[in-house]
Structure formats: structure tokens, C-alpha cells
Amino acid sequence: MFGVLLLLFGVAVGLYAQTFPDIPGQRYGAAAFPTAIAIGFAGCGLAMLVRGLRTASGPLFTRTEWTRKPGALTSVLVTILCVVAYILLARRVGFIPMAVVILIVLFRMLRVPWWQSLLLAVLAAFACDYVFRSILLVPLPFGLMPRLPW
Amino acid sequence: MNAILAAFELVFTWDVMLTLVSAALFGLLVGAVPGLTATMATALLVPLTFFMDPIPAVGAMVTCAAMAIFAGDIPGALLRIPGTPASAAYVDEAYAMTKRGEAETVLGACVLFSAIGGLFGTAVLIFAAPALAEVALKFSSQEYFWMALLGLTCAAFIGASSPVRGLVSLLIGLLISTVGLNNPAGVPRFTFGSTEMLAGIDFIPAMIGLFAVSEVFRTIAAGAPPWDTVQTRVGNIFRNWGGMVRTYWRQQLRGNVLGTAIGAIPGAGADVAAYVSYAVSRRFSKTPEKFGTGHVEGIIESTSANNSSLSSAWVPALVFGIPGDTITAIVIGVLYVKGINPGPTLFLFNPQTIYAVFLIFILANLLMIPLGWLVIKFAKHLLRTPRQVLMPIILVFCIVGAFASNNAAYGIILMLAFGVLGFFMEENQIPIAPCILGIVIGPILERNFVTTMIKADGSFIAFFDRPIAAGLGLFVLAIWLSMLVSAIRNRRRGDLDEALS
Amino acid sequence: MLRRSVLGLTAAGALAAVLPFTAPAMAQYPDRPLTIIVPWGAGGGTDATARIIGSVLEKELGQPVNVVNRTGGSGVVGHSAIAEAEPDGYTLGIATVEIGMMHWQGLTDLTWENYTPLALMNEDPAGVQVAADSEYDTIEALLDAIEAGEPSTFRASGTGQGGIWHLAIAGMLNDRGIDPAKVPWVPSEGAAPGLQDLVAGGVNIVPCSLVEARALIDAGRVKSLAIMSSSRADLFPDVPTLEEAVGSDWQIGAWRGIVGPSGLPEDVATRLTEALEAVYNSEEYASFMQGQGFGVRWAAGQEFADFMAQSNTALGDTMKAVGLAQ
């Protein structure tokens, strides 16, 4: 099944690559390399397909033991949502508040006690801000936060 | 001789020593943080060097870069998050050792062989720079094409437990490398109209996503169980060294030679050196089946290689002013400002300066051992921290690291996307390391293929009509042929499925 | 860490208590750190220029100046980031010659008009470099050979397809009435790999700036035949200008200047231009640029705007003439 997916993907990439313009007067331009990759994908897809047909076909995506545990996928989803929230809000809210909120949410999800969660989240956010902004000069967004004196 | 004495006087002063140690600590910090590279560490030092004398200025940058490359091994071994791309090749192996409770052994090996590798590269730089630079200058696009293909062939070895899945991973990496405007034709590809995508996919956020974020997802999904094993306390990381050097001196030497050779060619850096060495180590190992399960052999070879390549990248830089990688590009600029113009004349007119630079190389690599020891002592406490505390903090670090790679939210988006991709790849037993290699080598391969074709008007003979290119080409073809032959032999024995699965 | 934070907070409190009485001019620009966006990677010439400007500007303005790289997309990403920044004078950028090229190729809608011009800081004219063992010793001989020879006898490299040095040679040939397609362009990742390929024998001509070729010229591996500028370079006074050698008035160069997003308040722009002038005239800037071998050129305000407009038209004309514009 995974083989079919790869095969289709390869064909799609290959077709899309044919729309890239050429370098004037040259035989190999922008499309050559993606086309080669597409052929590679299709080839791998075929190889897996052949093997899949010969042996008993497996499930579309293999799922390891833990994914069947209740709540496992939910926690991954929450983690992803945290990062999405950061991407959307960090500029307006600022690095430190966002980091504190994300840390508290994740700590709680992993059952760290409340008081520890709060303390660690604040500490970690400030430490991170200090190291990156002050020592390594990364322009982390300020947002709502007042400018820190260091 | 007088020049050498003068060089000693230039280097062994309090302020030079102080500068070196501070630069070393700074390099360790930057290298250990995923998302911040050795290049970035060096660039951050540039404004500071304006106010320094030439020798401490160059010394600070050299030391900082060497430390950063070594320090990339630390989060790689402890958390499976390579600090710099040069550590990505053997991160799985190092992490497997940590999981077995041998964190101190593997980090001890990293610091020791990084230092030895750096010293070896320096020795080559001192004694063979002009001769080696001559060879490096003969490389045109044909030679680079074969080099890149050789690097890709290595990916097959890295994912050797399942060639097809390794190949899929490699192809994913290659496809990712085509995104953006950065291609020989200068046309946007797979950007879907986005300005940010024109920049292509930076492999730093991609690497953070594939390795670190996917690991965070996996641990969190499992409810962050505590570490399976207790770290066996080696206590003294120096104790195993004698044994490792005795057992693996061949691997170490091979890593050094390979790293030096790759580093001396402009444009191929520490990351490529590490991948190739790891693959070579696996190919020629007496116990290839142990690779990937936490076996120190491949780590020794590739950590030797990435640090020796860092030293030998200076060969073309000092002799011809051609930067071997981005780090040397920055330092060349600073050298000019300080009146130390790179070129053959540097060796003639300014011998005390060049000797002083060599001395600093040696010092930097020696400093790595005590400072590295300190950092390891400190860093292994990370493993005592409960994972439900550690993982969220790592996620925040990843976000900041991905942001720092290009100072834009785009980096974080990439990181997240690759985190999910990495998660699915691992769940389907597709190895990650070949993917990173594809992202690194893809552009080199494509660029040199297309430029060769432009030069030769589309004739494939061009790939063999220069002596070095022909040699490299035949070598690559021979490797492929031998792989094909062994595959057919396996098929005769009827275990093709096993070879493919 | 905690102690550090507590200390910091205490210090902030103390500062807050004192400041209102001592610093009534708090609201005066600039009262917080500035950022300079660099559209090119760490380690390149633009990055180095921005960093030296930043460190001197810091002293002039009394506020930290962060230099931030926003790379990729042949400069499109960084130039967009500068244009899209808040026009408050706290985010500036270093614009490069590519701002007059990208929009002709249809990569972006941005032009020089999307910025508030502050100060032109540097210009490096293109040169014509060949390998030291090349049989051509003058630009005239080289041009004659190109004109007389078959197409593709000569190949040139030194930047990406449609990059500034590609335009330099295409424009030069066009100006001499030679079809630019006779010298195919071999794209490269910048001048250094192009020069390396020149020495390795992969290409015949690298029309990059003399600064970039400096080390290899000094090493006796490369020779420069001409410079596409109105006057000779201080670095290599023996290299003739194109006008002196063959009477062509074709001139082109890579330039760098500090700009802000469009709509910068006038007083802020004035303050910045003054500060940048002080940077330009400072000892540090002069010695740094001289050390690196970079050319310096000053133009501010309207003069800089006119310069960009002129550069834009000239580049556009060339790109249309050689078929690189869309």
C-alpha cells in the first residue's frame, strides 16, 4: 500500500516538474533533477509494491504498540497545537508569555504537579530568553512583555 | 626557527589565552544548542574581532568553530538532537549508546577523537598545505559531481538494513532540496507562490524537526516514561581512551585521512565528511551488524572526520583565499581586515603570523579535552532530569532554535512540518539520516550536473574527460557494480526479500 | 538563573525609580535596540559590511544594533522582510543591487520605491578576469576572440543565472555589438566557486568584482583585464577601465546601501542619515572597507533614490536586451 502511494507521488512530482522553464539554449534545466527524483520515487514504489504483492499486504501505515493507547495521539495533537499557537501568536504576545503557557500546558499533560509546572515554566522561559536574546542575540519577539533590563 | 619562537611569543600571552578560553566556551554553548551552527557562532564573533589584535581575533574564531563542531555531538548523544549538521550522521548510534547507559563513554570518545582529528588536520595543514591546495584547485564541476554521487552512495550504506527504505528517505531529502529559487536555472520550484518558500528549505529547521521534534512527539505520546536504563557511571571518561585508541586506531586514522581530504576541497564540509566516514566505517567493519545498535566504532571514525575536515578546510583558504566552507569564508574576511592577506605570500612574508595561527589550531584542539570534559560532566545531569520535565523544555528550545536559523516564524513552521514528517517516517521504519544527507548534497549534485552539461553542451563524455573526474567516476561505478553483484548473488540464494526488507 | 532574574528585577525597579527624573528625553528616537536585516548569508561581503556599519552605528545612536540575516531566494526573502517591516526606524536593512533586478525577472513586485533610501555605503564595479595562463592579455584581444570565434568557445561564471555578474558580461558584449549568447553563462554559487572553476579550467571568464578575485590575483593564478567603472580601482591601479581599453562606456557594479521600509518619518530618516554619514566618515568604517578591499561610495536621501532609480533602469534595459527579463 505504501508502495502505491510512493508510485503516485512520484508520477505527480514528475508531471509537475515538466512545467519548469528551461535554461535558454540548454538541454538540462530546472526540470531534469526533479524528474530524476520522481523516477526514483516511482521505482521505489514499484519495488515495495512487488514485494507487498508477493508477501501478505500489510496495513497502510504501520502503527506501533503505543499509538493504540488511549490518549497517545491526543497528546501529540496537543503538542502540535502548542507549536501552531506559538507560530500564530508569538509576535503579538511575545516569547516569554507564550513559552510559559506552552510549558505549563505540556507539563500538566505529562502530569507534573501544579506548583512544579508553574515554577519550572517561568524559570525555563526566562533562562531561554536570557541565553538566546542576550548572549546569542536572537531577536525573539517581545510582544506584550515590557523590555527586560538586561 | 626564529619565526617559530616569535610565533610562541605572539600566542602565549595572557590576553590571547583568555580570548581563546572565552571563545571556546562560547563555541561550546552555540554548538550544543540545536539550530545554532558553528557558522553562526563565528559570524557573531565578527564585530568583536574589530577591537582585537590579529592573533587573538583569528584565534577566537578558530577555537570557537572547533568547539562548536565538537559540541554538536553532546545533545546528539544525550537527546538524539544533533547540535550541528556535522553530527547528524551518527546521532542515532550515539543515542543508542546513551540508551544503553553509556553516555559517558560515547561522549568521551567524541571529545577525544574530535581533538585527535583536529590535530591531524592541523598537522596536514602545516606540512602539506601548498601541495594539497594544488590538487584541490583542480576540482571543477565534473569532479564535484562525482564527489556528490559518492556521498549519496554512502546513504545506501547508512540505511543498509533496508536499502529501499533508505533510498526513499534519500529521495525525500533530495526532493526537499529542490524547493526554492536556489537552483542553476534560477527559477522558482515547488514554491506554490510563497515568498518564504523561494528561500527553499533550510536544513537546520528541517533537521531540528526530523530528529528532535519527532522524538518529543514520540516521548510525549508514550506519556514520557522514565529512562529505561540507569547511566553506568564511567566516572572517569579518560579511562576508556587507551582501550579505544588501541582497538580502533585504524578507523580513527581512516576517518582523519578521509576528513582531511574532503575538508580540503572547497565546498564540501564537515557534514559530508561525517556521512562518508560513517558509511566507510560500516562497510569495512568486521562487525557491520552492530552498527545502529550503539556501537562506538562508526562514531569514532566520523567524529574524527568532521573535526579533521574543519582544520583542512583552511588549506585552500590560507593558500589561495578560497573559502573551504562558510566558516573559513568569514575568517578570510577578518584576515584581510587585520592585514593578514591569505595567499602564498603569507607563508613567505609573514611566517611568524602563520605559525602563530598553526599554534592556535593546536591549542584549540588541546583545549577541547579539558573543556569538553567539563561540559560533559555538566550535560549528563540532563539525563537525571525526569523526561516529563525535559521534553516540553526541549520543545521550546527547538522552537527558538528553528526561529534563530533565519529569524522568522517560517523556520518554526518548517520545523513543525518536518517534526510530523519525521514522526511518520520513523513509524514506517524509514531512516532519517539519509534524508538529511539528501538535503545537504542535493544542491551540490544538481548544480554540478547542470553546469557540467552547460559546459559540454549536453554531452555525457564530459564526466570522464578530465583525469581526476575519470578516476572518481570509475570508482563510483565500481562501487555500484559491486553492490549490484552482491544483490544478484543474494537473489540466487533466494533471500532477495531479506535484502530488500 | 533565579538569582540573576531577581537581581535584574531589582535593578529594573531601581532604574525605573530614577529614570523619570534624569531622562526626560526618553521618547526621543532611538530609545530601544535597532535591527538591520541582511538579505544575504553570514560570511558574505554584504553581511560583513552590515556588521561593521552596525557596530559603528551602535556608538553613534547609543542603542544596540542587531544584525539579522534573512537569506534565500536570491535576496527576495530579505528584501521583502525589510519592505514589510514596521516603518518606525527600528528595523532597517541593507539593500543590494539585486533590488533593481529581481522584479524584472518576475520574482517579486518589490522595487526600490518600496523603501525609504537612507544612505549608499559601498559600490564594487565588475571586472573581467581570466586565468593567469590565458593567452589573452588585454580586454581588446579577448573581445576580438569572442567576436571572431564560434559560439560557446568561451564560457563565463561567477554568480547564479541572471545574477549581477551575468548581467555585467552580457551588457558588455551587448554594448560591443556581440550577441551575449555567444558566451554561455555557467551558474555558480557566487564568485568564489566561479573563480575556483576558472583556475581549474572549467570556465574561461569570471566577470566578478576585483575584490572577490583579489586573493587569486595576488597568488598569480588569475589576471584582471578591465574594470567596468569610470575610474580605476585603488586596489589594482594597473587594471584599465573598459573605457580606456576599448572605448566602451558600459559600467556596472554591485552596490549596498542602508534603507528603511517606505514611509519612515522624516525626523527619523534625517537622524539616521546623519548617523550613517558619521559611520561613513569614521575611522573604523574606512579602515575596515579598505582592509577588505571594498570600494566606498556615499549618497544620501534624494541622491541615493536617484542612484537606485538609475541603476534600476539600466539593469532593466540590459536584462531585456539579453533576454533575462520576463
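From the backbone N, Cα and C atoms, a Cβ is placed for every residue, glycine too.
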Ranges B:261-279, B:432-450: which does TrEMBL label transmembrane segment?
-> B:432-450
Local confidence of the domain 'DUF112' (B:18-437) - pLDDT mean | 81
Result, the transmembrane segment (B:432-450) in contact with the transmembrane segment (B:354-376) (3+ CB pairs under 8 Å) = no
The transmembrane segment (B:197-217) vs the transmembrane segment (B:470-488): 3 or more CB pairs under 8 Å = no
Recorded stretch, among B:106-132, B:167-185, B:410-425, B:432-450, maximising Cβ pairs under 8 Å relative to the transmembrane segment (B:313-334) = B:106-132
